[in-house]
Every structure is written in C-alpha cells, then in structure tokens.
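What Swiss-Prot annotates here:
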DISULFID  Cys2-Cys8  disulfide bond
DISULFID  Cys3-Cys12  disulfide bond
MOD_RES   Pro6  4-hydroxyproline
MOD_RES   Cys12  cysteine amide
Amino acid sequence: GCCSDPRCRYRC
C-alpha cells in the first residue's frame, strides 16, 4: 500500500 512507500506515505 501507499503507507509503506516513502514516496507516497505523506498521503496517509
């Protein structure tokens, strides 16, 4: 998921 990706984590 997004929350595990450092590039996308900010969206969580």
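Glycine is no exception: its Cβ is also placed from the backbone N, Cα and C atoms.
Positions of the features from Swiss-Prot, shown on the structure.
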residue	record	contacts (Cβ under 8 Å, 6+ apart)
Cys2	disulfide bond	Cys8, Arg9, Arg11, Cys12
Cys3	disulfide bond	Arg9, Cys12
Pro6	4-hydroxyproline	none
Cβ neighbour count (within 10 Å, all chains shown) around Cys12 (disulfide bond): 9
